[in-house]
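K.L.:
To start, I am sharing the structure in question, which I have written as structure tokens.
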Amino acid sequence: MGADAIQTNGHDQAKLTGGEEIQRLRCFVKNYEWGKLGPESLVARLQEANTGQRVDSEIPYAEFWMGTHESGPSHVEFGSGHGVSDKCMVTLKSWVLDNPNLLGSKVVDKWGCDLPFLFKVLSVTKALSIQAHPNKALAEKLHREDPLLYRDNNHKPEIALAVTPFQALCGFVTLKELKEVITNVPEITELVGSKAADQIFNVHEHDEDERIKSVVRLIFTQLMSASNNETKQVVSRMKNRLLLETKHRELSEKEKLVLELEKQYTGDIGVISAFFFNYVKLNPGEALYLDANEPHAYISGDCVECMAASDNVVRAGLTPKHRDVQTLCSMLTYKLGYPEILKGFPLTPYVTRYLPPFDEFEVDHCDLPRGKSTVFPAVPGPSVYLVIEGKGQLRTGSSKVLVNRGDVLFVPADIEIHVTGESDVMKLYRAGVSSRFFQTL
């Protein structure tokens, strides 16, 4: 839903309504080509429920944004009428700028009059680019040098919480696995040269981390810097080799994935570089957190994602978009090993919290059976609630809001929320500022 779909009638009514305890948000959708098509997409179904816009079966619906970022701003809806003319809509960012008390003083002192997190739902049917997000210092540098490509100066740590079975590439495999990759995938040596490739066999587990990382950095940078023509030829030969080998043996999961990526991005360097990364499969309810400067690529599935409020992405493979190979290869940490999978911890019988090691955000997941209730205690910062399935009600001390799938609600600081399920199961997610941040003040 672009900005041209919103009627903005000024801030006066928003200022008058700034004291409301719960406000509905109208949210923004991104139609990237890797998104699921039409009604197959969870994002499409949420958009239809949230905005009333009909789903087009020919269009990919990739991301559902909830927040204040200028690349996809949410709007606050005021007015009780049923027609567009009866309502006033302003951006969530304008509203919190006019009413900083909604954020709480601790949040304003730390991040100013803005939401420090960005909340999303992703529906993925085709692999996203091999990418990483910059830390704060690099984000400031990139934004200063190329503000059209890097739209803000913020870092972007994030968490991805699986709603359906979810697959991703994330982080570099172990040193032992990298040695097996160089041995078993001769096409890598073709692209980087034997002098570089053989260096992986001259480092060992007991060597200093920096020595190991420097070798991995060298090989990976050489690989990602290969010429397009050479890459296309080598990736094609690798595909043909793997297809031939299927007649004699069962391919590994990674090899099968690489063949699938080759169908999606024929001749792309990201196809062969996938061998360097951990192949992660998340079950619903499991989560993956991604720090700055860690390589990753989502492969398929639906997830809820939360991050620091940024849209900065450095890409280098599996994409038709701009690639910044030099920046990506120089920024990565080259930390080796399988990433930590978060399963969350229970707050109540119905609520699970996911608490990554970042100040800006945490995510709660609530599965509430019919007739059951739970309480989200008041916190010193703002929250955004998303109903992803079912229906129920949210209550404060003075108001009640009936909610259904696709409803997104902004709750100001210091408001306790009581939730009751009114369907077989109501599934909702809450994003808020990390409770660790408030505990350390």
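Placement of Cβ uses the backbone N, Cα and C atoms for every residue, glycine included.
Taken from Swiss-Prot, the feature Zn(2+) binding site covers Gln131, His133, Glu158, His296, and the record attributes it to similarity to another entry. What Swiss-Prot records for Arg315 is active site, and it gives similarity to another entry as the kind of evidence.
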K.L.:
Quick check: with Gln131, His133, Glu158, His296 left out, which same-chain residues have Cβ atoms within 8 Å of the centroid of the Zn(2+) site Cβ atoms?
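P.N.:
Counting only non-site residues, the set is Ala132, Lys156, Leu290, Glu294, Pro295, Val313.
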K.L.:
Near the residue listed as 'active site', which of the binding-site residues Gln131, His133, Glu158 can be found within 10 Å, Cα to Cα?
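P.N.:
Gln131, His133, listed in sequence order.
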K.L.:
Below 8 Å Cβ to Cβ and six or more residues apart, same chain only. Which residues does that give for Glu158 (Zn(2+) binding site)?
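P.N.:
Looking at Cβ-Cβ distances below 8 Å from Glu158 (Zn(2+) binding site), excluding near sequence neighbours, one finds His133, Tyr289, Leu290, Glu305, Cys306, Met307, Ala308.
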K.L.:
Can you give me the same-chain residues 6 or more apart in sequence from Gln131 (Zn(2+) binding site) with a CB-CB distance under 8 Å?
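P.N.:
Counting only residues 6 or more apart in sequence, the Cβ neighbours of Gln131 (Zn(2+) binding site) under 8 Å are Pro295, His296, Ala297, Val313, Val314, Arg315, Ala316, Thr319, Leu328.
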K.L.:
Quiz question: given the recorded positions His133, Arg315, which has the greatest number of C-beta atoms lying within 10 angstroms of its own C-beta?
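P.N.:
Per the Cβ count, the most surrounded site is His133.
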K.L.:
By a simple count, how many Cβ atoms lie within 10 Å of the Cβ of His296 (Zn(2+) binding site), its own Cβ left out?
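P.N.:
Here the count is 22.
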